[in-house]
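What follows is a set of notes on a single structure, which appears directly below.
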């Protein structure tokens, strides 16, 4: 493709440069409007500069990608409500054998979760659990946070729904979910393993120094951990009472005379209260209503019913998600599969879906719309095709040198110009 008219090349390059600067540096001092607004600004300039027509701009928006992205985000929201990531967080510390074992677990769990539930969701939610585990074991958090961030990006490469750039590649090239997974999975597994090994080598001394402290403080949870996780008052009172009694029973040597006196006074109060209730009831007998009233029995029954309803709802969320993954592996249309799964979860929830839909990142969807238009306008200038024609003879994928050149170009562009536009 030859270059377009000179004014289109110049104005199209200016519009793309504005988009690129705001995508890479969203808080640039000259125009701190952010990535999403920068993407829409670039798209608008492409139309205003007549690099592309309004109809071409609308046609450039890839609706299948937006539908797939929207569906996976909704499914992730319901999985978060169903405590999927809470269970993954518990898996990180279950029977942990030390800091190095924890690094490996974080790499594996974050890679798998990001492959199926997007890397953004995995990083945002699992960060809280990683910080908590690091505080519990008196470990420096930065090696584990680096393990989470790097492995989430590596793991998300394995599936089309792992990150936005994979959506673009899979949908536009019509690569099926199964072929994409089979093609990238071996490299992803090697990447996660090498990443864990590099992190362990880098922080070997730091992780070894804290081993003794970890063994002694592995079960300690500070007050800030409790408050940050927003336990319900009922749970907190139950935990506090049980922990207090366990501490009293397990440490008899620490009970002094004043504490024993205090416990005796508490027993006397309880006994006197019981005697008073007996005196109030006729014939000195205890009325059964004083022990368990119909209202209390009804409340307990309702709470049990709600408990089982909640468990069944969680099971339905997991089954719908598994069904979506199976449908994707079977080669069904990825966009409509994700949208169908998200709507099935909305119906199963049987309540107003507005709170869940509000958690969808609509700014990301708008960013994609602007990006599609901006990139299409830049392609119309002829600059990308000219650059590719120059590079293509040196990037043949049928030989090792060509693959290496192409990999280096993609690596540089992804870090300099951002991975989604690349």
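Residue numbers in this text run from 1 along the chain shown.
Even glycines carry a Cβ here, placed using N, Cα and C.
Given the structure is predicted, the values throughout are model-derived calculations rather than measurements.
Per TrEMBL, compositional bias 'Polar residues' is recorded for 286-296.
Here the domain 'Citrate transporter-like' (27-422) returns a mean pLDDT of 80 for the predicted model. Under the heading domain 'Citrate transporter-like', TrEMBL lists 27-422.
Residues annotated as region 'Disordered' in TrEMBL: 279-303.
Sequence-distant neighbours of the transmembrane segment (6-25) (same chain, 6+ residues past either end, Cβ-Cβ under 8 Å): 31, 33-35, 37-39, 41-43, 45-46, 49-51, 370-371, 374-375, 377-378, 380-383, 416-418, 421. Taken from TrEMBL, the feature transmembrane segment applies to 6-25 (among others).
The annotation transmembrane segment is assigned in TrEMBL to 32-52 (among others). Through the fold, the transmembrane segment (32-52) approaches residues 4, 7-8, 11-12, 14-16, 18-19, 21-23, 26, 60, 363-364, 366-374, 376-378, 380-381 of its own chain, all at least 6 residues removed from its boundaries and within a Cβ separation under 8 Å.
Beyond the ends of the transmembrane segment (58-79), by six or more residues, the same chain brings 52, 85, 117-118, 121, 160-161, 164, 167-168, 171-172, 317, 320-321, 324, 333-342, 345-346, 349, 356-357, 359-361, 364-365, 368-369, 372-373, 375-377 to within a C-beta distance below 8 angstroms of the stretch. What TrEMBL records for 58-79 (among others) is transmembrane segment.
The annotation transmembrane segment is assigned in TrEMBL to 180-204 (among others). Among residues of the same chain six or more beyond the transmembrane segment (180-204), those with a C-beta under 8 A of the stretch's C-beta atoms are 100, 103-104, 107-108, 111, 115, 143, 146-147, 150-151, 154-155, 157-160, 166, 170, 329.
Feature annotation from TrEMBL assigns transmembrane segment to 315-348 (among others). Long-range Cβ contacts of the transmembrane segment (315-348) within its own chain (Cβ-Cβ under 8 Å, at least 6 residues beyond either end) map to 63-65, 67-68, 70-72, 74-75, 78-79, 81-82, 84, 116, 160-161, 170-171, 176-178, 181, 356.
The transmembrane segment annotation in TrEMBL covers 360-379 (among others). Residues 12-13, 15-16, 19, 23, 35-36, 38-43, 46-47, 51-52, 56-57, 60-62, 65-66, 69-70, 73-74, 77, 120, 164, 385, 420-421 of the same chain lie 6+ residues outside the transmembrane segment (360-379) yet bring a C-beta within less than 8 angstroms of a C-beta in it.
Marked as transmembrane segment by TrEMBL: 400-417 (among others). Remote same-chain partners of the transmembrane segment (400-417), defined as residues 6 or more beyond its termini with a Cβ less than 8 Å from a stretch Cβ, comprise 20, 23-24, 391, 394.
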